[in-house]
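Trainee: Here you go, one structure.
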Amino acid sequence: MLDKNLLKTNSKEIREQLKSRSFNLDWYDEFLRLEKQLSTLLRTIEKLNEQKNINAKKAATTESDAQRKKLIQEGGLLRAELEKNEAKYNEIKEDFDYIYQRIPNLPTEDVPIGKDEKENVEMFKSRKPTFFDFKPLPHYELATKLEMIGLDVASKITGSRFSIYKKDGARLMRAIQQFCLYVNADKYEEYLPPVIVNKDSYYGSGQFPKFVEDVFKLEGTNYYLASTAEVQLVNLHRNEILKEADLPKYYTASTACFRSEAGSAGKDTKGLIRQHQFYKTELVKIVHPSTSKQEHEAMAKDAEKILELLELPYRRMVLCTGDMGFSATKTYDLEVWIPSENKYREISSISNCGDFQARRANIKFKDAISKKNLYVHTLNASALAHDRLFVAIVENYQQKDGSIKIPKALVKYFGKEYIK
């Protein structure tokens, strides 16, 4: 979340930034109005508490029974007035928090202004897209033909937007997982976290309460399936004060992820691009505020390194204000070339969240100079989405005879050079 004091300034710049994030400025005006009411009520409550304490001391020390009786009556009136104001405060605070918790992060100055993905800006392409002297098959046709996936049986077992990897398909997914972890193993500390998380964890990473409909809740419990390992890794240090000397911290985890894909009806209904259960390797950094910009650039290169080693065509996009995630202050997307669609598809998002998540999760460090406890900055990246990487390899490395060549860098993890 954002600093309340920053939001209270109601500057023209903040209004423009929120507008560029498609945030309703009427809500912002209501936030400011409620904040003033809360400040006034808080001063009243503090004054009433002070009067109540003075009254109680006088009642305890007076020797006059009549005076004591009068003071006790006054104390009762003060308590009643205090309870009334506290109830009013709590009522307004609930409305205030509802808005405050839904205000998105503010974009940095170099983020392009735009409404949606159509206004994202391409930074560069890595290499020429893959073209063939034959008509390439979409991944779901070729992988089914080679008995690598079972979409129909997954639908029978569970339902739509689920898949089963089998034989060389399961083997390729295992190789992808290992490769994604090992490429950055020298920099990031690996974790294997639970895929079930609580509400506080989702709140800390910024998904709740705004995106509560996008995740799976375990019926009859207060637990949820994690939509990304970012949730678990960001919350490793929730409610902690770190030593400045211990920064930065780099974490990685490879997990199954679960999303309800609410609002995605009709999108990518065939194949492995958009599923309820998918797999990815996540990177998370917890860093000193002064270094987060440089750490963001380095993190993008860490994700790109995987695509470079696999010799897959990709491009880097900087997301516009209207397409960035809720918690991000700046985001790069890596998009990999999908031959059957003749276009690039997202395979990684790399976001700098500034202190937005740290404020929600209450993650601080003790500054060595000022001795103050300050909020850290957090960053996250998919490195990479395994299912989409599977799609990219199958499609870009398909051969004229219907086989799939395994990228050189992946052969030692997969164990052979071709899938036939």
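Backbone N, Cα and C atoms are what each Cβ position is placed from, and that goes for glycine too.
These figures come from a predicted structure and were not determined experimentally.
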Trainee: Say Swiss-Prot lists Thr228, Ala229, Glu230, Ser382 as binding L-serine: which of Glu282, Glu335, Glu341 is in the same site, per that record?
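Mentor: According to Swiss-Prot, the candidate sharing the L-serine site with Thr228, Ala229, Glu230, Ser382 is Glu282.
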Trainee: If you measure Arg259 (ATP binding site) to Glu282 (L-serine binding site) at Cα, how many Å is it?
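Mentor: The Cα atom of Arg259 (ATP binding site) is 16 Å away from the Cα atom of Glu282 (L-serine binding site).
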Trainee: Under a three-state reading of DSSP, tell me whether Glu346 (ATP binding site) is helix, strand or coil.
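Mentor: In three-state terms, Glu346 (ATP binding site) counts as strand.
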Trainee: I need the nearest neighbour of Ser348 (ATP binding site) among the binding-site residues Thr228, Ala229, Glu230, Glu282, Ser382, using C-alpha distances.
Mentor: Ser382
Trainee: What other residues of the same chain, not counting Thr228, Ala229, Glu230, Glu282, Ser382, have a CB atom within 8 A of the CB centroid of the L-serine site?
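Mentor: Near the L-serine site, the remaining chain residues are Val231, Leu233, Ala253, Thr255, Cys257, Lys280, Thr281, Leu283, Val284, Asn380, Ala381.
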Trainee: Can you tell me which of the binding-site residues Ser260, Glu261, Ile347, Ser349 is spatially closest to Ala229 (L-serine binding site)? Compare CA atoms only.
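Mentor: Going through Ser260, Glu261, Ile347, Ser349 one by one, the Cα closest to that of Ala229 (L-serine binding site) is Ser349.
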Trainee: Return the residues near Ser382 (L-serine binding site) by Cβ distance under 8 Å, restricted to its own chain and a separation of at least 6 in sequence.
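Mentor: Result: Thr228, Lys280, Thr281, Glu282, Leu283, Ala303, Ile347, Ser348, Ser349, Ile350.
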